[in-house]
């Protein structure tokens, strides 16, 4: 059996779902000659490490207990007596991850899997990568930091995977990389890269009020706790930046033109989430309704789109033909169109569910398995 030891950073929705997938896929992976050994799991405050990182790892029963505890809001340290593991906090946690990376990275191998939402993991990821470890990312922030840090992180491109940072489990990164590797220059990428904003645009098209749609989306769990995290367009901009950098463009987040769906005076620094939901949202209804009507009068629909072209990345609302791939989009699906020499008149189109913990975690697991040839 080929063994793939992993350390998981982040025990939120995606991280927990990944652990569930690893457990449920044991039989499948066994038939493929693979075993994934979870040797460490961390949350924002601590790290649990298996007593035997060289030969085994955390038992499935203990991984399931971690998921239950974190779902209930309990810290990892509450589980110290439930499994054969050691607890580390603060700087000790970081140093222990580096120590494990040093032990396993150049021997059997190790994958550090970042399912957190932190911008603070970049230094650690660079360090473990330099020690010969693989890095798998669902977290977009390490890839959208300064360009110098980005280039350091991806300098060992064979040992890094980040498919789930754009389009959850959709093969967007893989498709872009394959087209580029074939010597076919990509001239343009256009996509709807937010399942949340895709849902909002579809509902607007049905004639519903913007405020009603956002409140419903929040109650259904489609948005972040503060919906402005979605409505600002920043998440789409980060995905656009990752794709732009894959094309070789040395740009930063500040170089991207981003259209927010709310004015700055409604921002988090000026208005609480509760006030935004109860007072601010309804003040945006008329403007959005007018923009939808204007598009409809031309036979078009309104979509929140990322456009990457001519060394520029722009994110915002666009009017599109109803019968286009992006215009036909409904609900929370993502659509990405890739234009190149070979796909000049008929673009490569990728469409499917582009959000959700389950889909994202499945993409992370696929990335881990994709690295199997680098493990002993």
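Residue 1 is the first one shown; counting continues down the chain.
Even glycines carry a Cβ here, placed using N, Cα and C.
Some features that TrEMBL has for this protein:
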ACT_SITE  239  active site, proton donor
BINDING   10, 11, 12, 13, 14, 15  NADP(+) binding site
BINDING   140  NADPH binding site
BINDING   224  L-homoserine binding site
DOMAIN    171-369  domain 'Homoserine dehydrogenase catalytic'
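The recorded positions examined here are 140, 239; by Cβ neighbour count within 10 Å, the least packed of them is 140. In this structure the C-alpha atoms belonging to residue 12 (NADP(+) binding site) and residue 224 (L-homoserine binding site) are separated by 13 Å. The Cβ neighbour count for residue 12 (NADP(+) binding site), using a 10 Å radius over every protein chain in view, is 16. Same-chain residues with CB within 8 A of the center of the 10, 11, 12, 13, 14, 15 CB atoms, the NADP(+) site residues themselves not counted, are 16, 17, 18, 70, 115, 116, 357. By a simple count of nearby Cβ atoms, those within 10 Å, the most crowded of the binding-site residues 10, 13, 15 is 15. Cα distances from residue 13 (NADP(+) binding site) to the recorded positions 140, 224, 239 are smallest for 224.
Here is what falls inside 10 Å of the CA of the residue listed as 'active site, proton donor' among the binding-site residues 10, 11, 15, 140, 224: 140. The domain 'Homoserine dehydrogenase catalytic' (171-369) scores a mean pLDDT of 94 in the predicted structure.
Counting only same-chain residues six or more apart in sequence, the Cβ atoms lying under 8 angstroms from the Cβ of the residue listed as 'L-homoserine binding site' belong to 230. Across the fold, the C-alpha of residue 11 (NADP(+) binding site) and the C-alpha of residue 140 (NADPH binding site) stand 16 Å from each other.
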